[in-house]
Amino acid sequence: LIRIGVWTIVFLAITCNALVLATVFRSPFFISSIKLLIGLIASVNMLMGTSSSVLASVDAFTFGVFAHYGAWWEAGAGCHTVGLLSIFASEASIFLLTLAALERSFSVKHATKFETKSPLAGMRIAMFFCFMLAFIMAVIPVLGGKEYGVSPLCIPLPFGKPTAVSYMVALVLLNSLCFLVMTIAYTKLYCSLEKRELDNIWDCSMVKHIALL
């Protein structure tokens, strides 16, 4: 059941996010800041699906005999690469979703029917910082040693090492802060939707769309 579930998630993650990318970047010369954000979120989610497909493939190739290859897999470059990409993709997704929440909050609050949305240049700088922060969070276990190879899932599980425990606690706290920011932003947005009608129905639909994401 777990294997079927994993392969289903892999298929959906790669296929559906590829469709989103094809739709968003169909006209790359005319793209708004929020559509670019959605496209980038889809790209990192597809990267996460690809990393999961590697783990599922290793499980399929070593089915029933993983004990013979476990040490080789955990100590190899493949496991460390998959772990780094998984942490990078998941953190980038969370940071970009937080940025999308803040962008929607800013856009709905300040934009009028004839006003331009959030400046694309400023959003690109914010997106760059999101990716840089995600990359830093993914590289930290590599700098601390071979922490990606402590488990077959290639994630830095805190098995007794103080550095690994501190890293996971920091990761959980940072992600919790992001979800708190998103919750506050969308609570304020939905309260504003209750109080008044938006001039542009696009704002209302995009707020609900990003909130579902």
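Glycine is no exception: its Cβ is also placed from the backbone N, Cα and C atoms.
All annotation found in TrEMBL is predicted automatically rather than curated by experts.
Packing against the transmembrane segment (6-25) from elsewhere in the chain are residues 31, 35-36, 38-39, 42-43, 45-46, 48-50, 52-53, 55-56, 59: each is 6 or more residues past its ends and has a CB under 8 Å from a CB in it. Residues or ranges marked as transmembrane segment by TrEMBL: 6-25 (among others).
Annotation comment: TrEMBL describes 16-213 as domain 'G-protein coupled receptors family 1 profile'.
Same-chain neighbours of the transmembrane segment (37-70): 3, 6-7, 9-10, 12-14, 17-18, 20-21, 24-25, 31, 78, 82, 85-86, 88-90, 92-93, 96-97, 99-100, 103, 123, 127, 134, 152-154, 210, 213, counting only residues six or more beyond its ends whose CB sits under 8 Å from a CB of the stretch. Look at TrEMBL and you will find 37-70 (among others) tagged as transmembrane segment.
Annotated transmembrane segment per TrEMBL: 82-102 (among others), in sequence order. Non-local neighbours of the transmembrane segment (82-102) in the same chain are 34, 37-38, 40-41, 44-45, 47-48, 50-52, 54-55, 123, 126-127, 130-131, 133-135, 137-139, 141-142, 148-149, 154-156, 171, 175, 178-179, 181-182, 185-186, 210, 213; each lies 6+ residues outside the stretch with a CB under 8 Å from one of its CB atoms.
Sequence annotations record features per position, and here TrEMBL assigns transmembrane segment to 123-144 (among others).
The feature transmembrane segment is assigned by TrEMBL to 164-186 (among others).
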